[in-house]
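One structure below.
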Amino acid sequence: MEIAGYRGGSLRGSLQGSLRRSVSAWRSPSTSDVFGRSSREEDDEEALKWAALEKLPTYDRLRKGIMTGDGGEIQEVDIQGLGFQERKNLLEKLVRNAEEDNERFLLKLRNRMERVGIDNPTIEVRFEHLNINAEAFVGNRGVPTLVNFFVNKAIWILSALHLMPSGKRPISILHDVSGIIKPCRMTLLLGPPGAGKTTLLLALAGKLDNTLKVTGNVTYNGHGMHEFVPQRTSAYISQHDVHIGEMTVRETLAFSSRCQGVGTRYEMLTELSRREKEANIKPDPDVDVYMKAVAVEGQESVVTDYILKILGLDICADTMVGDGMIRGISGGQKKRVTTGEMLVGPSKALFMDEISTGLDSSTTFQIVNSLRQSVHILGGTALIALLQPAPETYDLFDDILLLSDGQIVYQGPRENVLEFFESMGFKCPERKGVADFLQEVTSRKDQQQYWVRENEPYRFVPVNEFSEAFKSFHVGAKLHEELSTPFDRSRNHPAALTTSKYGISKMELLKACIDREWLLMKRNSFVYIFKVVQLIVLALIAMTVFFRTKLPRNGLEDATIFFGAMFLGLVTHLFNGFAELAMSIAKLPVFYKQRDLLFYPPWAYALPTWILKIPISFVECGVWIAMTYYVIGFDPNVVRMFRHYLLLVLISQVASGLFRLLAAVGRDMVVADTFGAFAQLVLLVLGGFIIAREKIKKFWIWGYWSSPLMYAQNAIAVNEFLGHSWNKLVDATGQTLGERFLRNRGIFVDKNWYWIGVGALIGYMVLFNFLFILFLEWLDPLGKGQTTVSEEALQEKEANRTGANVELATRGSAATSDGGSVEIRKDGNRKKGMVLPFTPLSITFDNVKYSVDMPQEMKDRGVTEDKLLLLKGVSGAFRPGVLTALMGVSGRGKTTLMDVLAGRKTGGYIEGDIRISGYPKNQETFARISGYCEQNDIHSPHVTVYESLLYSAWLRLPAEVDEKQRKMFVDEVMDLVELNSLRGSLVGLPGVTGLSTEQRKRLTIAVELVANPSIIFMDEPTSGLDARAAAIVMRAVRNTVDTGRTVVCTIHQPSIDIFEAFDELFLMKRGGEEIYVGPLGRQSSHLIKYFESIDGVKKIKERYNPATWMLEVTTISQEEILGLNFAEVYRNSDLYKRNKDLIKELSTPPPGSKDLFFATQFSQSFVMQCLACLWKQHKSYWRNPSYTATRLFFTVVIALIFGTIFWDLGKKRSTSLDLINAMGSMYAAVLFIGIQNAQTVQPIVDVERTVFYREKAAGMYSALPYAYAQVLIEVPHILVQTLLYGLLVYSMIGFDWTAAKFLWYMFFMFFTFLYFTYYGMMAVAMTPNSDIAAIVAAAFYAIWNIFAGFIIPRPRIPIWWRWYYWACPVAWTLYGLVVSQFGEYTDTMSDVDETVKDFLRRFLGFRHDFLPVVGVMVVVFTVLFASIFAFSIKTLNFQRR
């Protein structure tokens, strides 16, 4: 028997700690003990308490422990009732310092179990002959264009029906891989991007996507995946950080720990306690309390606290995780939360995917070291993929698994890996990390530089050959032998593999989910308060528009107005549920992650989201009823009021349920929005208000009977119109006015319909929520868009694997065709001259200071100064052909200095002297000769790489450069940064579609290079890249410098070879002061010599990274130890004097030179700027079918729905009801398609706006051409939309086919769709992001709905609101549409005894002779919204720098 569970909190909690053995005693007695009671008395007391504890039955014994209190007294504690302070004290005693005490603590845990002969359960994971293939489109078929979208959809339908092949080709991800991941050993997974690392980790953790074709098998301790629950036996830690932003770090980990439960720890502890009692062994009381706390359910906090400490997250434990909208923890901390989320559970095998991205090397070392201690001491199994492990982190691993192009190149002990490659003729250079070498040695482009056999010519060694050679290498042969001997299943520990699906009981899971949902509702209270405020505003408008003194009860028209008021109440609560859609979709990624990790079943997640929202519906509807019911003058009977209230609550709940369901089905905002609009459309149009029941066609009547709104409307109408207020008799048959109205509108005149409606709504509420649970269970998150591969990439992958000599489409890139060397060289022939000449320029800055207004929170803490100084007078010079690294730990002012020099700051105060080749810097001209590569690679997602570069060149190169030269120059730049093979690839959205991070970095550099700048600034060009990708980017940077340009890069944690590719270093310390400015020297010799000459600075170790050493020896704590200020040391050095002389020399213009001068601010004329922007917008729209194609599809479907529902209504005008129905068709179409247009355009404009900020700052164009292009590109798309909609609907509804009527109809529809779209764009331009824009815009849709003239006609609107009718664009559209179709008819109507023309004028206030004015007004609104959009884009900047 052994202690299976201890991997969780305690042991596997232990999973994080660090291996600096400390000699200090574990708990030295404090001095006060000497004067206190004698230790013998304490021992006696402890022995007595322990003896009492031993006598308790097992259940109680495991829930009691002995701890030493703050005052040294011995006390018995209840494990389940440990408070925060007690937990803190316990951890302080056990693991005071994570780096020093963790290993000793883990050893104590192990020793306690070994003393009584209990072993830890271990897991050996084997995979044999594993093949994994995917299917993808190759070449242009996969590029999303408007045409491809419809073609691919059609082919998909035909292939699903087996009528034709899908046209996808199989692509191999992993090819025949076999190996063993052993327990008690740390295995590092390495490989270049696209090698298949993530796929291998997912396969081993049993989490592969079911669309992949998999053969081969994976076993744990000889057991197949179907014999246990792999998701709970092992933990897969993803490279994506998906968390709920509104929860704190501690809450996130505690929830995870609570769901995962304690595994088998409790059973192990029972056995341990029994054996200790038999052997009469007394354990260490603190270790005993800890082990009991992590084994008893409900005490997850101890595990959480331990993991927080080990991961260094205790400093931000109570900070929100944060997301795009909420400011939270840093990216590096988020990465650690993702790791911690799985470490708090009891899993015994860990598969970790790139857990170090965004962490500095010391933190990565600390975390990996803690994992290593846990794996070694407690017998864990770990396979960890890291991007750029530093040499010291690399040395912590026992085994290396190297993958390349889906094959295993090496798997075995770390010590033998270099020996294997040397046997193949490749050697790792002195000053290169082994991990970096391993990432590059299998790559066609990077291999040659490592070839060492001088007597043999180099030839490319493909992956296949390495893989075959490894099988005959002694490590490979031994692995093969081990694999051929099956695992002895009798050695499998009973507690090693988990067989239960969930960690805790169903009731506990539900409680955990309820607690979390309640917490999130409290954190999101702003949303609920905002919704209530919005309701109050709408209620104020409703009660003053439908004011009781203005509402008599004399005839059917009066009843119609009351009916409108009821309809408004229902619709308001129906649409109020729309917020549920966005909120549900936002939470789905976290749900899918936790569902797949088996934290909880879908029902446990769905029930709390439903049940906890019920009280909110009561509050919202209560506010509405309280404000409107009696003011509008509905039936005063209290019972009827409460019935009205109940119906509103139910419709509100039905709406929430429906939108949650649509979120689960759509899973994406655009798709769900479209579904949402369809749902609202069918509910509304067929609900019985817009078109009466008798008028609904037979083939649509099912829609009427299945619309929840119909039941609500029937019930609410019956409740009101069968009341006392409406019992005035209207004819001899004894019919009351209320009954007559109900019959007239096709509503059932039976009082039981109230309860039928209530029953139906309850049924719908339950049904929608039940379906929500089912879809959460069935559906997986949407894929990463179309899987596409270019023909070239496929050939290159194949060539890499087999060594086939493919002539790749990489024109001019010698490196590809003949495997030329690609190390980052400083020397070599300088590439002089490209197609376009440029002037080399230097930039000098002397005593530059930058300050901002003192933040309010610092003033609150007693800081008296008004300004906060971020740069304290820095000086330096950057010269042509010299590559300068700008370095310093985070927060030292690197990016600030660069923004100041480049003129990118939008606020703050700048002082000091900045000169360009001796002349004072002028920002207008400087933008023309400089480039700035931002850290976040911001590009238009829907254009190709080549188009991005062509566009940048078009707008930034001088007007005299003709098109041919421009294209030649773009080709040269693509060559320089190795983008030729990606020429036709779509850029895509970062991390979602399109280019990889490293490819985006190179595109960012190329976009600046095609402007032919003399000075380039780059902000962290290598962050987030693996060693090989970083080398490719640095090679592009080096090539750029060698053309004679001035290049400055900020850089974070570089490897040795990247660091030494720089010529000079500009090192800053906290507070924005320089501490070293000068040349690096060969192998960093100048830098090392400078710092080692300072008294007390520790010498650099052999083969240590000088960049890491330099940051370590210049920290603030080192300054305190040495008692000096490095900034002072620098100011007193010869280096400082040399730099001052250099600045002086470069600050005087060379004789005969002229200051920079450009005749115009921009390189292209206003018209050319407009054309270029329009060209890019056209490309973007054409390749964005999820927007353009969805909109056309949506329009056609709505046109067909409307055309069939309102079939032939245009010819009917014998009664006023016919006219109202026809008007309803127009009102519903305008509102629906209009709002849909406004909603879907918002995310598009929002994404493009961030690109606009970058391009405008780069001096590509002024704001107006961009705004005009954005406005104009919509016109042809909306025109097509109008033609599709207009032709279908006009012919199906059967309006008169006269040219004037048809053209007026098309005119109004076109401009209405257009102004709605521009309104959506305007809302984004005036707000910081599309989320806020959607909320602001939605408020107006509701108000426009009231004043459109359909729910209440203009003559019936109280005089104090009538002005708003004229300010409502929808009212003008409805006026124009109704009058242009019906305004001239003089037929008499049967039910009101007046002509159509007179009825329109009396009841609706519409006059035919006013039509031209109406037409002009619709155009005015279109121009107004477009102009406000353009003005806002020009004047408002929501970017903060």
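Count begins at 1; order follows the chain as displayed.
Every residue, even glycine, has its Cβ placed from backbone N, Cα and C.
If you look up Swiss-Prot, you'll see 508-721 marked as domain 'ABC transmembrane type-2 1'.
Annotation comment: Swiss-Prot describes 526-546 (among others) as transmembrane segment, evidence class sequence analysis.
For the transmembrane segment (559-579), same-chain residues at least 6 beyond its ends with a Cβ under 8 Å from one of its own Cβ atoms are 527, 531, 534-535, 538, 542, 546, 551, 553, 620-621, 624, 628, 632, 634, 647-648, 651-652, 654-656, 658-659, 676, 680, 683-684, 689, 709, 712-713, 716-717, 720-721, 726, 737-738, 741, 745, 1220, 1338, 1341-1342, 1345-1346, 1350-1352, 1356. According to Swiss-Prot, the transmembrane segment annotation covers 559-579 (among others), on the basis of sequence analysis.
According to Swiss-Prot, the transmembrane segment annotation covers 614-634 (among others), on the basis of sequence analysis. Within the chain carrying the transmembrane segment (614-634), a Cβ under 8 angstroms from the stretch's Cβ atoms is held by residues 528, 531-532, 535-536, 539-540, 542-543, 546-548, 551, 562, 565-566, 569, 572-573, 576, 640-641, 644-645, 648-649, 652-653, 656, 720, 725, all 6 or more beyond its ends.
The transmembrane segment annotation in Swiss-Prot covers 646-666 (among others) and is backed by sequence analysis. Here the transmembrane segment (646-666) has Cβ contacts under 8 Å with residues 569-570, 573-578, 580-581, 584-585, 588, 606, 609-610, 613-614, 617-618, 620-621, 624-625, 672-676, 679, 708-709, 712, 715-716, 719, 757-758, 761-762, 764-765, 767-769, 771-772, 775-776, 779 of the same chain, all six or more residues outside its ends.
With a threshold of 8 Å between CB atoms, the same-chain residues lying at least 6 positions outside the transmembrane segment (671-691) that come near it are 563, 567, 571, 574-575, 578, 581, 585, 658-659, 662-663, 665, 700, 703-704, 707-710, 712-714, 745-747, 782, 1190, 1194, 1197-1198, 1201-1202, 1205-1206, 1209, 1221, 1224-1225, 1227-1228, 1232, 1235-1236, 1239-1240. What Swiss-Prot records for 671-691 (among others) is transmembrane segment.
Taken from Swiss-Prot, the feature transmembrane segment covers 756-776 (among others).
The annotation ATP 2 binding site is assigned in Swiss-Prot to Gly888, Val889, Ser890, Gly891, Arg892, Gly893, Lys894, Thr895. A simple way to gauge crowding: the CB of Gly893 (ATP 2 binding site) has 23 other CB atoms within 10 angstroms, across all the protein chains here.
Under the heading domain 'ABC transmembrane type-2 2', Swiss-Prot lists 1168-1382.
Remote same-chain residues near the transmembrane segment (1187-1207) are listed as 146, 149-150, 670-671, 674, 677-678, 681-682, 685-686, 691, 696-697, 699-700, 703, 1181, 1221-1222, 1225, 1228-1229, 1232-1233, 1236-1237, 1240-1241, 1244, 1277, 1280-1281, 1284-1285, 1288-1289, 1291-1294 (criterion: CB distance under 8 Å, separation of at least six residues from the stretch ends). For 1187-1207 (among others), the entry in Swiss-Prot reads transmembrane segment, with the evidence type sequence analysis.
Sequence-distant contacts of the transmembrane segment (1215-1235) (same chain, six or more residues past either end, CB-CB distance under 8 Å): 560, 677, 680-681, 684-685, 689-692, 695, 744-745, 1194-1195, 1198, 1202, 1205-1206, 1209, 1281, 1285, 1289, 1293, 1309, 1312-1313, 1316, 1341, 1344-1345, 1348, 1350, 1370, 1373-1374, 1377-1378, 1381-1382, 1389-1392, 1396, 1399-1400, 1403-1404. Taken from Swiss-Prot, the feature transmembrane segment applies to 1215-1235 (among others).
Using a Cβ-Cβ cut-off under 8 Å and counting only residues 6 or more beyond its ends in the same chain, the transmembrane segment (1275-1295) has close neighbours at 1181, 1188, 1191-1192, 1195-1196, 1198-1200, 1202-1204, 1206-1211, 1222, 1225, 1229, 1233, 1237, 1301-1302, 1305-1306, 1309-1310, 1313-1314, 1317, 1381. Per Swiss-Prot, transmembrane segment is recorded for 1275-1295 (among others), and the stated evidence type is sequence analysis.
What Swiss-Prot lists as transmembrane segment is 1302-1322 (among others).
Within the chain, the transmembrane segment (1332-1352) has long-range Cβ neighbours (under 8 A, six or more residues past its boundaries) at 530, 534, 537-538, 541-542, 545-546, 561, 564-565, 567-568, 571-572, 575, 578, 582, 1223-1224, 1227, 1230-1231, 1235, 1238-1239, 1242, 1246, 1319-1320, 1323-1324, 1326, 1361, 1364-1365, 1368-1371, 1374-1375, 1404-1405. Taken from Swiss-Prot, the feature transmembrane segment covers 1332-1352 (among others), and the record attributes it to sequence analysis.
Same-chain residues lying 6+ beyond the ends of the transmembrane segment (1363-1383) with a Cβ under 8 Å from its Cβ atoms: 1210, 1213, 1219, 1222-1223, 1226-1227, 1230-1231, 1234, 1295-1296, 1300-1301, 1304-1305, 1307-1309, 1311-1312, 1315, 1319, 1343-1345, 1347-1350, 1354, 1357, 1396-1397, 1400, 1404, 1406-1408, 1410-1411, 1414-1415, 1417-1418, 1421. Residues annotated as transmembrane segment in Swiss-Prot: 1363-1383 (among others).
Under a cutoff of 8 A between CB atoms, and with a sequence separation of 6+ in the same chain, the neighbours of Val889 (ATP 2 binding site) are Asp360, Arg1070, Leu1111, Thr1115. Long-range Cβ neighbours of Lys894 (ATP 2 binding site) (same chain, at least 6 residues apart, Cβ-Cβ under 8 Å): Leu886, Met887, Gly888, Thr1050, Met1068. Taking Cβ-Cβ distances under 8 Å and a sequence separation of 6 or more, the neighbours of Thr895 (ATP 2 binding site) in its chain are Gln935, Asp1019, Thr1050. The Cβ of Gly888 (ATP 2 binding site) has 23 neighbouring Cβ atoms from other residues within 10 Å, across all protein chains displayed.
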